[in-house]
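Novice: This is the structure I have questions about; it appears just below.
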Amino acid sequence: MFELLGIPPQALFGQLLLGLINGSFYAILSLGLAVIFGLLNIINFTHGAQYMFGAFVAWMLLTYGGLGYWWALILVPIIVGITGIIIERLLIARLYHLDHLYGLLLTFGLALIIQGLLRNQYGISGLPYAIPPQLAGGQNLGFMFLPNYRGWVVVASLIVCFGTWFVIEKTRLGAYLRAATENPTLVGAFGINVPRMITLTYGFGVALAAFAGVLAAPIYSVNPNMGADLIIVVFAVVVIGGMGSILGAIITGFGLGLVEGLTKVFYPEASSVVIFVIMAIVLLFKPAGLFGRTA
Amino acid sequence: MSAAVETDNSGISVQQARGGMPAHHAAIFIALLAAGLVAPFLLYPVFVMKVLCFALFACAFNLLLGYGGLLSFGHAAYFGGAAYISAHAAKVWGFPPELAILSGTLAAAILGTAIGALAIRRQGIYFAMVTLAFAQMVFFFSLQAPFTGGEDGIQAVPRGMLFGLINLRSDITLYFVVLAIFLGGLLMIYRIIHSPFGQVLKAIRENEPRAISLGYRTNRYKLAVFVLSATLAGLAGSTKAIVFQLASLTDVHWSMSGEVVLMTLIGGMGTVFGPIVGAAVIVTMQNYLATMGAWVTVIQGCIFVICVLLFREGVVGVIARWVKRPL
């Protein structure tokens, strides 16, 4: 067996794949945060809880409803997205005239409520969720073994990310959205229902988080704390990338996942903090973020 | 640090800062002192000490949020980081309690300088995310570093002999030391808020571009108040480590950062005495609901939502509006 820089290639590519999978979740979640921030001007602290909630709804659909993975992939984003729309209409909409910080505090409180309720109901030990039979097994690529499901996660998140990018950057609906981000009053004057667009955008961002939750369910055990730690890393990803650009959020997400994977190979002790260290470096040299626009 | 800044701006006349403490504030301080002296004989002293530690923590946090307008979502890093250093100094290095608390506080000041210098490069919502991310970094460090004891934390920290003379093993003796630390910290915060430095801070909070155009180097002020706030949070954390003879991961966890935000929000941000009320409410609630497990999280979440939607002034903020005086 040959070695690369003293590391067996199995380990290297294995960690890179793991990094790519983490990167997929960073990308989808930071994309959702960026879309919501663009129009609502709030940081959705509930995002991690909604990702976790997505995984739980997938588990509930299977356990109580007998609906499997593929149904969950379609239904969960819709269900969680609707809860997001209700939250936006009932609660968040009351804060638009206030300082952005109140939006952060409100969504933080909501995250605590969702986490606490699910922890009461299901404990913290985690619930298993099986890989769908169509995606079980794996491919031997010669230099590494690729489990089919992990390959699917990367492909599915790439499709969703670039689909979102396409809708926002290349379609008429996306043009309205970008215009409303720049100047909601003017867009409203052209007869477009901006408040409804804001509500739907929040629902869409939340649906993205829930979709990531379904993807994550078979990889990580479904447990109430799965979103809380992840969302803080995603915040760091968002600070590094800057929230001005959709493509920037996607590239930063996947890139940082890979960097994290590489760190696990070469210096495992630092792998949990490497993203925060990169954030410190970016703040030093490019405070607006890699893809950020200086305000 | 504040003294140096004050002399920079000595030309500005600030009526309130020169006029000393208004009578109703002096009355509140005397009432606090009186309540503090009586409390350990009516309530369980360790409970009151917990309230005092968290009250100081919340007041330190409020100095940054309420007067600097900066929402740090990572204040657990300074509170918990200082608790670890203080516990380590007392237990492993054999420091007396006063030096252990001092080293914890100093560590928080250094940590606050490093993180603050980076965090103030971003504004508003990004500032909150940056501070939270760095606090999480401190959490992971505490989880892995060899001296912090991982999941167990540092247990059985000796309370020791204060100045080599006073044995702190008795809860009542320790209580009065903690009360002195709390009142000292509170007076310092009061002084900072009502100094010319504090007035400039409020100006930056209200309108930073205007403060810049008036010639203030706002970043220096923001860093100064960040470091002061981190240092005082560290003082609270170090004291807490000596009182409970424990420094653990709970102290550096993000939920601790959330709790201090909640205390300040309930009590009233931007009021001097509000965070004390908020800390008392939250600590009492945790005390009575301790058996209810994750429901505490749910209730805290609900309080967050209700405060943000309906009760943004906080308890003391509402009272201040009734009596038409800043409290």
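One is the number of the first residue shown, and numbering goes on along the chain from there.
Placement of Cβ uses the backbone N, Cα and C atoms for every residue, glycine included.
Note that the coordinates shown come from a computational prediction; the quantities given were computed from them, not determined experimentally.
The transmembrane segment annotation in TrEMBL covers B:23-44, B:51-79, B:99-118, B:125-143, B:172-193, B:223-248, B:260-282, B:289-311.
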Novice: Please determine whether the transmembrane segment (B:125-143) and the transmembrane segment (B:289-311) are in contact (criterion: at least three Cβ-Cβ distances under 8 Å, sequence separation 6 or more).
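Specialist: When sequence-distant Cβ pairs are counted, the transmembrane segment (B:289-311) does not touch the transmembrane segment (B:125-143), since fewer than 3 lie under 8 Å.
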Novice: Using a Cβ distance cut-off of under 8 Å, indicate which of B:51-79, B:99-118, B:172-193, B:223-248, B:289-311 has the most pairs with the transmembrane segment (B:260-282).
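Specialist: Out of the listed stretches, B:51-79 contacts the transmembrane segment (B:260-282) most.
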Novice: What stretch, picked from B:51-79, B:223-248, B:289-311, has the most CB pairs under 8 A with the transmembrane segment (B:172-193)?
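Specialist: Of the candidates B:51-79, B:223-248, B:289-311, B:51-79 scores highest.
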Novice: At a threshold of under 8 Å on Cβ distances, which of B:51-79, B:99-118, B:289-311 pairs most often with the transmembrane segment (B:223-248)?
Specialist: B:51-79
